[in-house]
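Enquirer: Here it is, the structure, as structure tokens.
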């Protein structure tokens, strides 16, 4: 099994391209199920999860073609066409590796009148139930059945009538599934307390480009007027705000300066504020975001929250950066339980982090030291890389399949910035 070896202590400097957003791409891909015309997505990141979702779409009879497949390219262009659906079942062997597979439920139901999806796996971060997905689809008129590890959704004869649903808690995935189901419903649908993440806006913008009628984009109250059919579209995937924030933390912990080409500061204001509070200089520049750290890092107190709050997907990376802050930082995780699995690994590198329930206290230390560490999930694995970049000596990060799910060609990008990092085959 591959591992990454980092020889730390190098100051990061230079420019790095920010890839298309993984969390957006995995929502845009299933939109191809909503039309028999071609949907072309540009700036699609090269990631294991994207490849897995492509295989899932092929399972339904969706044709896919890829341009920009040269080894030196960042990003790709994929065209998907669901001329005729040959299956409405997402089987266990494809779904188990990737939670995002549940996002085919809404669009498949809207297009075909039924959908059967294996209950998802693919994530070790606490309990991520899909009950809100199912309740939202029921509110739009679907009949839901659960049996033998599968969920089956069935629309009434004539299609989904549409309806009204108020999310008891904000759910990004459930908002996405409900949106994709509602755009082809026979009537009007309203979604209250909907998620407002930039990735939701990206989804809405693609659906509108395909002919959907959606009001309230970017707010927590969405109104969808169902249409008879959607057409194809060509769309550019938004830049990955989590990847951009991760590289910003890497620049900061090494006392470096980095230009994040393609990043949009308006998508990541909470992350930018946290970095500024920690003493990092962040400013928008033409074509991206400039990040520089030329002084000591300061401790911060922060809680994760739904957008526009601080993203849970940035918690581990910020924590790694704060290991070298001058003072004690307090991080509270309000979105997912069990999202501190990186803490023991960071402590192996000399960090001083204490956890109690959903709160972690990070006592800044003078230095980190290289060690062999093991990734436990996607963002935790990036936190170990960030720590390794600043650590004295050599750090080896194992279980790279987590990183490959969410960071396009990580070692190449960090090498562009001067990091001494390589991927090698494991024992």
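A Cβ is built for glycine as well, from the same backbone N, Cα and C atoms used for every other residue.
This is the feature table in Swiss-Prot:
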type     : residues                              : note
ACT_SITE : 123                                   : active site, proton donor
BINDING  : 22, 23                                : phosphoenolpyruvate binding site
BINDING  : 99, 128, 129, 130, 131, 132, 313, 335 : UDP-N-acetyl-alpha-D-glucosamine binding site
MOD_RES  : 123                                   : 2-(S-cysteinyl)pyruvic acid O-phosphothioketal
Enquirer: Run through the Cβ atoms and count how many others sit within 10 Å of the one on residue 23 (phosphoenolpyruvate binding site).
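Expert: I count 23 other Cβ atoms within 10 Å of it.
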Enquirer: Compared by Cα position, which of the binding-site residues 129, 132, 313 is the closest one to residue 23 (phosphoenolpyruvate binding site)?
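Expert: The smallest Cα gap between residue 23 (phosphoenolpyruvate binding site) and any of the binding-site residues is with 313.
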Enquirer: When you measure from the Cβ of residue 22 (phosphoenolpyruvate binding site), which residues in the chain that are at least 6 apart have a Cβ under 8 Å away?
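Expert: In sequence order, 45, 47, 49, 50, 240, 242, 243, 405, 406 meet the Cβ cut-off.
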Enquirer: Around residue 129 (UDP-N-acetyl-alpha-D-glucosamine binding site), how many other C-beta atoms are within 10 angstroms of its C-beta?
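Expert: Taking all protein chains shown, residue 129 (UDP-N-acetyl-alpha-D-glucosamine binding site) has 11 Cβ neighbours within 10 Å.
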Enquirer: Three-state secondary structure of residue 129 (UDP-N-acetyl-alpha-D-glucosamine binding site) from DSSP?
Expert: coil
